[in-house]
Every structure is written in C-alpha cells, then in structure tokens.
C-alpha cells in the first residue's frame with residue numbers, strides 16, 4: 001500500500017477495479033466506418049449515374065432506328081431507312097444587343113439574285129454617264 005497525498009492507495013485494487021469495469025469499445029467511435037461508408041455511397045452514386053446514362057443512350061439509339069412520328073411502329077429495313085432522309089431547313093435566331101436588354105429579334109431576309117445589285121458595276125456606270 002502506498003500513501004498519496006494523505007490517502008492510502010492500493011495498486012492491486014485499482015487494477016482489479018479497472019479490469020472489472022471494461023466498457024465495450026464501439027466501432028462507431030472510429031472514423032474508419034464513416035470513411036468506408038462515404039466511399040461506398042459515392043461509388044453507388046457513380047454507378048447509378050452511369051446506369052442512367054447507359055439506359056438513355058440505349059433508348060435514344062433505339063428510337064433513331066424507327067420513325068415514330070411517321071407512324072412506323074415496326075423496325076424498317078436498312079435499305080428503306082437510308083433513302084428516307086429529309087433535310088430540314090436551317091433556322092437561325094439572332095438577338096440584336098442593346099444597352100440594357102435586347103432591342104429586338106432579327107428576322108432573316110431571303111436573298112434573291114434579282115434584288116441584290118451590290119456587285120453590279122454596269123448599272124452604276126449607266127447611272128453616272
């Protein structure tokens with residue numbers, strides 16, 4: 001027995017008391033489960049995103065083979081699919097910028113060779129002379 005600061009201290013009693021009060025150590029007090037749980041959640045999120053991308057690509061490639069708007073529900077032959085391409089006219093949208101907000105939307109003007117006399121020098125010489 002030892003005396004510490006006026007008190008008696010029995011070293012063997014403290015060892016026996018501490019060994020009898022063993023508190024079970026929970027694995028959730030460590031950061032390791034949270035680390036692996038976060039990594040697993042990120043990996044699952046990436047897998048779900050890749051699965052969605054693959055399904056949307058598969059669905060888009062399947063719809064390109066048949067034309068639903070034309071009423072062709074069955075898959076067409078490869079020969080007829082190649083000859084049915086129709087060209088759509090190109091559409092342009094020009095926004096004329098202003099100081100605060102756009103001033104107006106530009107409308108495309110059709111050019112015809114008869115109305116354009118920009119490069120015709122014969123008419124200019126005829127007017128002058």
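Just so you know, glycine gets a Cβ as well, placed from its N, Cα and C.
Per Swiss-Prot, the range carrying the annotation transmembrane segment out of 35-55, 56-76 is 35-55. DSSP assignment over the motif 'VIMAG' (94-98) gives 0 helix, 3 strand, 2 coil.
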